[in-house]
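I have placed the structure first, in the form of structure tokens, so that the comments after it can refer back to it.
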Amino acid sequence: MKIIADENMPLVEPLFADFGELTRLPGRQLSPASVAEADVLLVRSVTQVDERLLSQAAHLKFVGSATIGTDHVDQALLARRGIRFASAPGCNKISVGEYVISALLVLAERHQLHLSGMTLGVIGAGNTGTAVAERALALGMQVCLCDPPLADAGDPREFVPYEVALCSDVVSFHVPLTREGPYATWHLLDEAALSVLDGEQILINACRGDVWDNQALLARQLGADPLRLVMDVWEQEPDLLTALIPHTELATPHIAGYSLEGKMRGTYQIYQAFCDWIGQPAQQPFAPLLPKPALDRLALQQLPDQDLLKRLVHLVYDVRRDDALFRHGFTTPADFDRLRKHYPERREWSSLHLLAAEGREHLAALGFSLATPA
Ligand SMILES: NC(=O)c1ccc[n+]([C@@H]2O[C@H](COP(=O)([O-])OP(=O)(O)OC[C@H]3O[C@@H](n4cnc5c(N)ncnc54)[C@H](O)[C@@H]3O)[C@@H](O)[C@H]2O)c1
Ligand SMILES: O=C(O)[C@H](O)[C@H](O)COP(=O)(O)O
């Protein structure tokens, strides 16, 4: 079996080498010729899996994308050609949740805001949106959810219309990129939506760049009442509207989901789907594949109040690191891909085991691991 895999996927060798001949290639440069002989294709979001790419791939039987988003894959084409497709739903939802909370803690400090009591509108209440909502609730924020597809499908949670969610102090977007249909999300944040916002509001995009009209946003930022923006994703990555970057509070190169755990889980979920497809049990367990974190144990001597929580969160992951790397390291589209390829290791909060006498439930609700006294 010939397996072609994106060079930026972790764990491909230990999980897939036994199944055939493995070739690793840069995902953005995959061409019809390079995948022509493939039986199995393993990609990330930068590879457009479409008619053109698969035009010579006569033997292709399985495509796996180690990502949550699937807008880069023509799934109807794969179905027509009888090619099995698997993505990795939820694989990096915790990473996205932690990215958003780190960003909120940074902005709260910068603008002297008290998160507890502030309102958060979550647009898209699936895996990542729910991960954000749960953590924000644990910080005392008032959360409202906007998800018309789920509301229409009878999800028992309470939902508000988009216009209402847009009035929140913080509005965080977690929708898939869709261009057609009643719930299309392309340019969901457009000139009209921008016109109802005021400059005190914080807007976060950690889903897909095209969900926000970047030109309309730049026009808004150049006016008298700019918004407080946190942008992880951009229209036309990697060739983005660079003029926007100085008008953001935090800017990063599409790494919200890039915790080590999140990236590894993505490959692992594809491995599970692949094993299921070939009718074999997934032999390798996930946990032993994760390396030990540099910092894994800490004892707390006081109740974890807001300030201590902020310090704990940023001990594990501080979004300012990624913002600084991006602001200083990004000039050309190639830099965008380089920063992503050489992303420094980042662990999830659960990698830190806290020994705490008080506030254990609160720490667990945020996603830290609790250590048991020796
Ligand atoms: N920046 C990153 O690193 C990163 C990481 C993970 C996911 N993502 C992106 O985030 C998207 C969401 O991820 P997820 O795991 O939460 O997906 P999900 O499928 O679990 O949830 C998406 C939710 O959005 C809802 N939705 C669809 N159209 C909507 C609309 N018009 N208005 C409001 N809600 C709508 C859906 O009903 C669904 O509940 C992914 O599709 C992916 O593109 C980005
Ligand atoms: O959809 C996802 O899972 C994320 O956007 C993912 O983190 C994107 O990373 P990439 O596939 O571009 O490396």
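Residue positions begin at 1 at the first shown residue.
Glycine too: its Cβ is placed from the backbone N, Cα and C atoms.
TrEMBL does not curate its annotations; it predicts them automatically.
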From Gly117, Gly223, Gly257, Gly262, the one annotated by TrEMBL with Asp147, Asp232 for NAD(+): Gly257
Rounded distance in angstrom between the Cα atoms of Arg208 (active site) and Asp232 (NAD(+) binding site): 8
Maximum Cα-Cα separation in Å among residues Asp147, Asp232, Gly257, which the record lists as binding NAD(+): 21
Contacting recorded positions, sequence order - Ser45, Thr67, Glu237 vs ligand 1, Cβ under 6 Å: none
Recorded positions whose CB lies under 6 angstroms from ligand 2, from Asp147, Arg208, Asp232, Glu237: none
Binding-site residues listed as Ser45, Thr67, least Cβ neighbours within 10 Å: Ser45
